[in-house]
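Undergrad: One structure is given below, represented as structure tokens, and several questions about it will come after.
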Amino acid sequence: MYNCAIILAAGKGKRMKSSMPKVVHKVCGKEMVNHVIDNVRKANISDVNLVIGKGSETVKEHTRDRNVTYSMQEEQLGTGHAVICAEEFLKDKKGTVAIFTGDAPLITNETIQELFEFHNSGKYAATLISSTVQDPTGYGRIIREASGEVKKIVEHKDCNEEELKVNEINSGMYCFDIEVLLNSLKNLNNDNSQGEYYLTDVIEIMKESGEKVGAIVVPYEEIMGVNSRVQLSEAEIVMRKRINHKHMVNGVTFIDCESTYIDVDVEIGNDTIIYPGCVIQGNTTIKEECTLYSNSRICNSIIESGVVVENSVILESHVGEGTTVGPFAYIRPETKIGKSARIGDFVEIKKSTIGDNTKVSHLTYIGDAEVGSKCNFGCGTVVVNYDGQKKQKTIIGNNAFIGCNTNLISPVKVNDNTYIAAGSTITKEVPEGSLAIARSKQINKEGWLDKKGLLKK
């Protein structure tokens, strides 16, 4: 059986009050439309078409790596019109098409699989996703036959007294037999107060033709649409709860899961402990037995097992097994830190490699450098990597001891087994086995205060 999907992503999203298309706003680090695409793919649906409109180039930019096709809806004339715009995608296809909305990011791949299985096994012409709610005010009601099949969808304003009591609502997500859908679209009209083509009218057309229509009921949170910043926040809360619950089930400890913010694609190993206020973003991987103390941010990075991070920022970097970072360290992109290293307080490292067992304990800047293993950086060391025009590289070998308040003027090389005296400004290569001293001699002028009349008696 051939299965495919259409995702409606052409809405303007006026209530978002944004210059961006609604569907590219993110929920837990991923664009809403990409949540839907990815869950469709997890349900083994490979052929996906996006109906786009206002801000189409932006939507394409955010979905270009998702291997989808696009249909253009120049004018937003309703959900039925959006599907009509995708007729070319459906042309000559036989099988089943599911239709989802790009602003409902909480739909799960399990529900999508259930939708296709229910639809295909029951040989329905159409299957709706519905939900039951305590207050259905404003929603279209699902009215069922005695057999359980769907009889019709009635908009709230058109409900009679009995229909108003129904609390099963329409989600706007469907499965259709492709041939029946295309034939029904030919009879779709815009004879309504809004002058729009509604996909719900297709259900009525099918029923009038004697077709079989079913529905599956899912939790309301799965069909929540996002039309405002308030609803975006509500979706974020639901998604975050799901994400954190998944990690806890897999053996991760959260001291306070309600104040821990983890993006949907983050991977975390078991026996890792995460304290409140941590933000873990992008395609980050945290291995086993790590400890992330409060107010740390990690983005698009790999953190190996046994790492401790305290009040620090790590961006697009790799931190080796057993290393400690922080407090108040800043690890900038393209940094690779080895095993059992120590990156201490107020240390900034940018685009550099730090070897195993190296200690950079405090108040140090390292940029565009290769640093070997078992080195020690004294407090106040600066790798001076910028000459005013471009960044230069510094190379430091193994077992180098860098004294406090040292300036390493790039490009420069410090070889293995070297010492640099505190307060030095190094501009030339330091040979292996050497002690480098590059500072002015101390001069004591005896009696100077008395001569200047500054001596206090």
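Cβ atoms here come from the backbone N, Cα and C positions, even for glycine.
Look at Swiss-Prot and you will find 1-229 tagged as region 'Pyrophosphorylase'. Among the features that Swiss-Prot reports, UDP-N-acetyl-alpha-D-glucosamine binding site is placed at 8-11, K22, Q73, 78-79, G140, E155, N170, N227, R332, K350, Y365, N376. The Mg(2+) binding site annotation in Swiss-Prot covers D103, N227 and rests on sequence analysis. Residues annotated as region 'Linker' in Swiss-Prot, with sequence analysis given as evidence: 230-250. According to Swiss-Prot, the region 'N-acetyltransferase' annotation covers 251-457. Under the heading active site, proton acceptor, Swiss-Prot lists H362, citing sequence analysis as support. If you look up Swiss-Prot, you'll see N385, Y386, A422, R439 marked as acetyl-CoA binding site, on the strength of sequence analysis.
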Undergrad: Would you mind listing the long-range same-chain contacts of the region 'Linker' (230-250), meaning Cβ under 8 Å and 6+ residues beyond its ends?
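TA: Beyond its ends, the region 'Linker' (230-250) has Cβ neighbours at 16, 25, 27-28, 32, 105-106, 221, 224, 257, 260-264, 266, 268, 270.
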Undergrad: Just checking a number: largest C-alpha distance across N385, Y386, A422, R439 for the acetyl-CoA site, rounded to a whole Å.
TA: 22
Undergrad: Same chain only, sequence gap of 6 or more: which residues have a CB within under 8 Å of the CB of N227 (Mg(2+) binding site)?
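TA: The answer is G13, R15, M16, K22, D103.
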Undergrad: Let me know how many other Cβ atoms fall within 10 Å of the Cβ of G140 (UDP-N-acetyl-alpha-D-glucosamine binding site).
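TA: Neighbour count, Cβ to Cβ under the 10 Å cut-off: 24.
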Undergrad: Would you mind pulling the DSSP three-state label for K22 (UDP-N-acetyl-alpha-D-glucosamine binding site)?
TA: helix
Undergrad: According to DSSP, which kind of secondary structure is Y386 (acetyl-CoA binding site) found in, if we only use helix, strand and coil?
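TA: Going by the DSSP assignment, Y386 (acetyl-CoA binding site) falls within a strand, counted as strand.
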Undergrad: Between the Cα atoms of the residue listed as 'active site, proton acceptor' and G78 (UDP-N-acetyl-alpha-D-glucosamine binding site), what distance do you get, rounded to the nearest Å?
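TA: The separation of the Cα atoms works out to 60 Å.
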Undergrad: Considering Cα atoms only, can you say which of L8, A10, G78, N170 is the nearest neighbour of N385 (acetyl-CoA binding site) among these binding-site residues?
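TA: Out of the listed candidates, the nearest Cα belongs to A10.
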Undergrad: Return the member of Y386, A422, R439 nearest to Y365 (UDP-N-acetyl-alpha-D-glucosamine binding site) in space, with distance defined Cα to Cα and candidates limited to these binding-site residues.
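TA: If we rank Y386, A422, R439 by Cα distance to Y365 (UDP-N-acetyl-alpha-D-glucosamine binding site), first place goes to Y386.
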Undergrad: Looking at the binding-site residues L8, A10, G78, G140, N170, whose Cα is closest in space to that of Y386 (acetyl-CoA binding site)?
TA: A10
Undergrad: K22, H362: which of these recorded positions has the sparsest Cβ neighbourhood within 10 Å?
TA: H362
Undergrad: Around G78 (UDP-N-acetyl-alpha-D-glucosamine binding site), how many other C-beta atoms are within 10 angstroms of its C-beta?
TA: 21
Undergrad: How far is it from G140 (UDP-N-acetyl-alpha-D-glucosamine binding site) to A422 (acetyl-CoA binding site), counting Cα to Cα, in Å?
TA: 76
Undergrad: Looking at the binding-site residues G78, N170, R332, which has the shortest Cα distance to A422 (acetyl-CoA binding site)?
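TA: It is R332, whose Cα lies nearest.
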